[in-house]
Amino acid sequence: MGLFDKLANMLKLKKEQINILVVGLNNSGKSTIVNHFKNPNERTSIVVPTVGFSVERFENQGVFFTAFDMSGATRYRSLWEHHFKSCQGIVFVIDSSDRMRLVVVKDELEILLQHPDIANRRVPILFFANKMDCTDALSSVKIAAGLGLEKIKDKPWHISSSNALTGEGLQDGVQWMVHQIRECVANSKEHR
């Protein structure tokens, strides 16, 4: 660690770094959400489906995020678990207008919550009920009920209505995530 790093650390100027896992079914808006948070000069004008996963970095609220943007295609969902151990937060994106696949979302969520690298940790989960601008979109309340989110007792969770194209609802969700991760870090330091 260099002199400036030590000085910045002592003065609490060092930026926090957070690893988040961004998951959800294909075409739910995961990459568009991550793209929204990147610096304007780093954003892409055309977002294409993610193959496998991509790693994106952005800063928000003085926090450096490393986002593992995971493909939601069926054949790539098994890759999600390889990043469970290193994540400090999970962003689960749901297409609010895709009523037919809400059962698949629920199944994938249950698999995630039961995985040993997640089940025994207090990892905050932010749900984006995305595409709320669509006329046939389910409300975040109906999505929460359909997924049985009230049964998640051992992890902080929050559902935020969003529109990834306009950015509506995204900042509120990320603020909640930062607050939860800071709280988890503070609690773990107290229990040492």
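Each residue, glycine too, has its Cβ placed from N, Cα and C.
Feature annotations, courtesy of TrEMBL:
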BINDING   Gly24, Leu25, Asn26, Asn27, Ser28, Gly29, Lys30, Ser31, Gly72, Asn130, Lys131, Met132, Asp133  GTP binding site
BINDING   Ser31, Thr50  Mg(2+) binding site
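All features noted in TrEMBL, drawn onto the structure.
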residue: Gly24; record: GTP binding site; contacts (Cβ under 8 Å, 6+ apart): Lys30, Gly72, Phe92, Val93, Ile94, Asp95, Val105, Phe128
residue: Asn26; record: GTP binding site; contacts (Cβ under 8 Å, 6+ apart): Pro49, Ser71, Gly72, Ala73, Thr74
residue: Ser28; record: GTP binding site; contacts (Cβ under 8 Å, 6+ apart): Gly72, Val93, Ile94, Asp95, Asp98, Asn130, Lys131
residue: Ser31; record: Mg(2+) binding site; contacts (Cβ under 8 Å, 6+ apart): Val47, Val48, Pro49, Thr50, Ser54, Asp69
residue: Asp133; record: GTP binding site; contacts (Cβ under 8 Å, 6+ apart): Asn163, Leu165, Thr166, Glu168
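For the GTP site, whose binding residues are given in the record as Gly24, Leu25, Asn26, Asn27, Ser28, Gly29, Lys30, Ser31, Gly72, Asn130, Lys131, Met132, Asp133, the maximum C-alpha distance rounds to 21 Å. For the binding-site residues Lys30, Lys131, the ranking by surrounding Cβ atoms (within 10 Å, all protein chains) places Lys30 first. Of all the binding-site residues listed here (Thr50, Gly72), it is Thr50 whose C-beta has the fewest other C-beta atoms within 10 angstroms.
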